[in-house]
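*Asks:* What follows is a single structure, and I will ask about it in a moment.
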């Protein structure tokens, strides 16, 4: 009868994972095995030892948090909700600031449009005022010329006698006597009815104030001036000695009575003529003329701007 060499079924103690308590039994069984028997099952021993040692030396692993864990879903939801709310608030703040910027830009644009309109209005007003100013200056200049012409016309019958000393108890009759004496010296008979008025005016020399003689006609005034100039040119100049005025002899000068403006203009014209070597500068009928030399054309000096013609001609 053949032998049944099938190993017996494992006992209840061999089932399940080996524990350290069963490990000595395994070593004991291995030590009690006779040496003459077949080779021991080293793989079994090694397997038991390796499995037991491995299970004893491996530390327990940390369990990872699973996203599918029901306890973590509310935290993630709250986090996402907080982020969403934060972005919503940030967006709301940005929109509010953007609206404020739009309002501010709109106000600035309105202000700029208003200022631009005001600027254009001011430019128009300035241009209008400049035009009005030029027109007013032209009008004033015309009025000044008219007034100057009228003032000089009122002096058309007047002459000035300068450098005649003042005497005590002087009056209009004594001044008229002086005018008549000068007329007799220049062959211009003068009578009392030929003189409307005669008087002295203030001057720098208080001892010899200028005498103003107002004749009845322009013709008589012109004749008196012309005869006086011819006498001084052809004969000796008339002095205070010829008029029998006590004191040292002084030259007497007679000229047209000019307005204040024409007096200044005549002074400037004589100075410019002298500077630019013009030979002639004179007054005729209240008008000022200059001439560079004999035979050259003459031109009238009406304003100070006309004095530039003297410089150009020179």
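Glycine is no exception: its Cβ is also placed from the backbone N, Cα and C atoms.
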*Asks:* I'm validating the feature mapping. Which of 53-72, 73-92 is tagged region 'Disordered' in TrEMBL?
*Replies:* 53-72
*Asks:* For which of the residue intervals 1-22, 23-44 does TrEMBL record region 'Disordered'?
*Replies:* 1-22
*Asks:* Count the residues of the domain 'FP protein C-terminal' (260-311) that DSSP assigns to helix (H, G, I), to strand (E, B) and to coil, and report the three numbers in that order.
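*Replies:* The domain 'FP protein C-terminal' (260-311) comes out at 24 helix, 14 strand, 14 coil.
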